[in-house]
Amino acid sequence: MPTHRVALIFGGQSTEHEISIISARAIANHIDTEAYELYPIYVGHDGAWFKGETAQKVLDLDMPAMLANTSADTIRERLREISFSDPRNRFLFDFSEEGIDVALPIIHGSTGEDGKIQGLLDMFSVPYTGCGVHASAMTMDKETTKICAEHAGLHIAPYTTIRKLRYQQDPQQVVSVILEEFTLPFFVKPASQGSSIGITKVHRPEELAAALEKAFMVDTKVLIEKTIEGREIEVAVLGNDSPVASVPGEVEPGGDFYDFTDKYINGKASLHIPARLPEEVLQKVSTEALKAYRALECRGMSRVDFFIEHATGKIILNEINTVPGFTGISMYPMMMDASGIDFSQLIDRLLQLALEKTLS
């Protein structure tokens, strides 16, 4: 008989909505049903929360196939149809009345990975997996992550930030300053988006304005970042006060860089676990991942991403993802599996860590 009721919270208002559904479905398929009773809660694009049959219908969708074969508008309309099919399934934050023991929020991006849902759960005294408010907010902002990481002694890529208002006031002046400061090619990145949403690698001066416009569509702060010519290495970290790092993995992008399409649609990227590196370098990357995890005060779990620069061999921090993907092709669960913790064990460990945080 299950000993804990787990609220699996998925969906959300970010551009990674569909990826969250895929992650949640994978978790639902791997959770130990003898130990845990699953209570799915779906958060729609509009922020409305749904439980029961409505949440289960969304969870049952074949979202990978829909992403590959269906337009975004059609997917959104189908989700709306399900959401409003039965108003009795609206969820009104009655966690205690529903007997929720612990929450597993798997909402990627804004509202789910930036401290907002963590703060909500804290207010209702519901234990939850992953990082708390402070670490979630810091790691969601790429600039804040860089500041903290550099202070802790990690290497970061040279960058600058541009605010949307400044750009709107004088776009040409901003473009000119960036082109003077950075050697092509360089990256334009929204400060607080995941899954490579809104990112452009700028190769020619005439591409910059469009790249900025694209990034400002999803954020009010944008990073301009030097391109690091090197290998993309990722590490899964798990734990609270005594975190452990997985064997590092390597991403070999199918295109110019590891973008949303590469990650979730065409599958052209090659993934290598363990990364094709000498043992001493693998160990050093894992050590740097733990250093970054602690510097940003992470708990529960995070995926820490690096570049290893070809010219210098430097291990350069790219970003920290506090709610990594849990899809069938996501690096976090695959790296943990390669380190001896399979998907079901990983879910169990995350839930136990959540309860451990509350007790401590």
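The backbone N, Cα and C atoms fix where each Cβ goes, glycine too.
Taken from Swiss-Prot as is:
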{"type": "DOMAIN", "residues": "146-352", "note": "domain 'ATP-grasp'"}
{"type": "BINDING", "residues": "179-234", "note": "ATP binding site"}
{"type": "BINDING", "residues": "ASP305, GLU319", "note": "Mg(2+) 1 binding site"}
{"type": "BINDING", "residues": "GLU319, ASN321", "note": "Mg(2+) 2 binding site"}
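Structure with Swiss-Prot features highlighted.
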| residue | record | contacts (Cβ under 8 Å, 6+ apart) |
| --- | --- | --- |
| LEU179 | ATP binding site | PRO205, LEU208 |
| PHE186 | ATP binding site | LYS201, VAL202, ILE224, GLU225, LYS226, THR227 |
| THR200 | ATP binding site | PHE187, VAL188, GLU207, ALA210, ALA211, LYS214, ALA215 |
| LYS221 | ATP binding site | ASP141, GLU143, THR161, ILE162, ARG163, LYS164, PRO190, ALA191, SER192 |
| ILE228 | ATP binding site | ALA157, PHE307, GLU309, ILE316 |
| ASP305 | Mg(2+) 1 binding site | GLU232, ILE233, GLU234, VAL235, LEU317, ASN318, GLU319, ILE320, ASN321 |
Distant-in-sequence Cβ neighbours of GLN193 (ATP binding site), under 8 Å, six or more positions away: SER14, THR15, GLY109, SER110, ILE199, VAL218, ASP219
Secondary structure at GLU207 (ATP binding site), reduced by DSSP to three states: helix
Cβ-based isolation winner (fewest other Cβ atoms within 10 Å) among the binding-site residues GLU207, GLU319: GLU207
ILE228 (ATP binding site) - helix vs strand vs coil (DSSP): coil
Local backbone state of GLU319 (Mg(2+) 1 binding site), from DSSP in three classes: strand
Averaged pLDDT, computed only over the residues in the domain 'ATP-grasp' (146-352): 93
Binding-site residues: LYS214, ASN321 - member with fewest neighbouring CB atoms within 10 Å: LYS214
